[in-house]
């Protein structure tokens, strides 16, 4: 092992220790450049996973779980069986599990208005809450209804939507819905009720148009901070005539800047890095699978999704019943969304992931488990 390599390894261990608030015995090495945390994770995790753990002990393994079996097992050329994350998140402590979240839809309390219009009522509460984004890695989030992403709200085109928003957090917040509504219901500072102060409440009310896949998020400034901290969720407006029956899945692309330097260190769909790689999403062979995808990633302007071994139909924003593309990869800018429809003709495990390789290596990948089992 060369002296230069050992110097760089020692420096890397020391840098990780400082990031995690640990003491290490590695001396400062003035002639070695100080890498960013993101660069070190990307370039050196394979070495750290093998040699440096002895220096910083089990806490490093717990707090830096994005370790791959060869330093890169999430890449295209590597099989699906690699050990891509260490340990498990505590879904009980978080009161959030990414697997059931895929198929959970809040359709509200349903009643009829005097004119016959359907009324759907929801309650959304903003909370400050620590969440676990990878095994042993915690993030001080701001949440809607206690989770990141927030509850998936689902209504039908033309419904009256009434949302009681309660700000139980420590900062002013709003709820801004993508769609068509009156200005005073837009959830932006200085218009209508503006920001809702801590302890305050406001009821947003509007008719659900147009049909499609939308989202809601806080619009308080600085906007980047409020969204990145976790104040967002999916808002689905079904067309009046409905869509064909399918197995429906919710995927919110997100990422986390764990040291608040303006760069993300952890990427995922539905918050927990690599969760669907360790807990594959089970679907039946040849059944129609409908995936609602929204990109809520901050600090990176573009995200993407690629599904292995298949092509899918794309409905951009979900505002048309006719697909616009047939492909295996789509790019989504911030706040863009799409509905994907796919059938898997072959049984087996098929990877899905971002096609920005760095995002994949830092958590944004998973597997579909395609089976003939009728109980899926």
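Glycine is treated like the rest: Cβ placed from N, Cα and C.
For the Cu cation 1 site, TrEMBL records 178, 217, 218, 355, and the single candidate of 226, 228 listed with them is 226. Across all of the domain 'Plastocyanin-like' (140-241), the predicted model scores a mean pLDDT of 99. Listed in sequence order, 304, 305, 306, 329 are the same-chain residues six or more apart from residue 355 (Cu cation 1 binding site) with CB atoms under 8 A from its CB. Around the Cβ of residue 173 (Cu cation 2 binding site), the number of neighbouring Cβ atoms within 10 Å comes to 25. Candidate binding-site residues: 178, 217, 226. Fewest other C-beta atoms within 10 angstroms, 178.
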